[in-house]
Amino acid sequence: MGEETLPESTAEISLPGFVIDVAESERLARSLGHRTVEDLLPSLVPAAMRQAQVPISRFPVGAVGLGSSGRIYVGVNLEYAGLPLHHSVHAEQFLFCNAAAHGETWIRSMAVSHMPCGHCRQFLQEVRDSSNINVLVTSDGPHAVYRPLSVLLPRPFGPPDLLHKDVPLLLDQHDNELGEFAAVMEGAVGGCNGEVEDSVLERKLREEAERAARGSHAPYSTCAAGFAVADSEGRVYAGSYYESAAYNPSLGPIQAAMIAKAIGSSTAEIVGAALVEREDGLVSHEGTARVFLAAVAPSAKLHVYRYRQSDGN
């Protein structure tokens, strides 16, 4: 796969962050001569592409979405050398994970650098009223237009095929009941003592992983899970588990935590991590967490907190 080059006309635009508030979004639109904030989105895509982490493909993808709140959310693709490709994060997944983490309830429009792959078209089905999300593909050229997602996936398989209509979906509010604490597994991933000895930081990791688990979207397995990492500067980043009706496009909590780390612009080493999940769940992320950390942070200390749900859950 060849390296991707950025369009020169918008290459000089810089992003103020992965989340752009309403006032700044409107100011940017006016300063660049756009009539609406929706018209602004394609202009920000090249700047998003520059934030991609693509050591394998060298093919950056950027996605910029407008929420119903008026905020703009940015997504990029993330790849990890030394790991299987399924650990990668797609730009559209990054965008919607970013929006969910910031309490957004819907994405009205999205501009992406390249045509969304089938994996992402399927993942977006987890959003309520997903067929009406407008998508513009900037690589279509200067005459690119917004089209509803239903045009890209006209006969979808998704939540309506498996869930009751009232079950919360991806951008809906979630408050999963974790149940009673059952057990903790701990130890360094790489067989050494690990680098997190600060009990305050370990407590923060657990709290953030629990918060992420309560906010996860796991209606198909009912195995809510959350993951948190701490960097060497003491900052903690957490991510929730987001399932897909088609299973494989699901976004694991490890990838979601790495999205949060990217949003926080952290390049510092990961020194500790915490995973919260069900004790007897049909889905477990512990193996994935250990494989991932062994490749990117072999000295990190991992705690796995397991919760036992009551018979009624």
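Backbone N, Cα and C atoms are what each Cβ position is placed from, and that goes for glycine too.
Marked as domain 'CMP/dCMP-type deaminase' by TrEMBL: 36-160, 200-313. Residues annotated as substrate binding site in TrEMBL: N77, L78, E79. What TrEMBL lists as Zn(2+) binding site is H90, C117, C120. Feature annotation from TrEMBL assigns active site, proton donor to E92.
Features as recorded by TrEMBL, highlighted on the structure.
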residue : record                    : Cβ contacts under 8 Å, 6 or more apart
N77     : substrate binding site    : A52, Q53, V54, S57, F59, P60, V61, S88, V89, H90, A91, F94
L78     : substrate binding site    : A52, Q53, V54, S88, V89, F94, Q255, M258, I259, A262
E79     : substrate binding site    : Q53, V54, P55, I56, S57, L85, S88
E92     : active site, proton donor : A63, G75, M110, V112, P116, C120, F123, L124
C117    : Zn(2+) binding site       : H90
Problem set entry | Remaining residues near the recorded Zn(2+) site, that is with C-beta within 8 Å of the centroid of the site residues H90, C117, C120 | A91, E92, Q93, P116, G118, H119, R121, F123, P249
For this session: Starting from the Cβ of C120 (Zn(2+) binding site), draw a 10 Å sphere and report how many other Cβ atoms land inside it.
Result: 23
Problem set entry | Per-state residue totals over the domain 'CMP/dCMP-type deaminase' (36-160) - DSSP helix, strand, coil | 48 helix, 26 strand, 51 coil
Seminar exercise, completed: Those same-chain residues, other than N77, L78, E79, found with Cβ within 8 Å of the centroid of the substrate-site Cβ atoms are A52, Q53, V54, S57, V61, V76, Y80, S88, V89, H90, A91
For this session: Within 10 Å of the Cβ of H90 (Zn(2+) binding site), how many other Cβ atoms can you find? Include all protein chains, please.
Result: 23
Problem set entry | Stretch-averaged pLDDT - the domain 'CMP/dCMP-type deaminase' (36-160) | 97
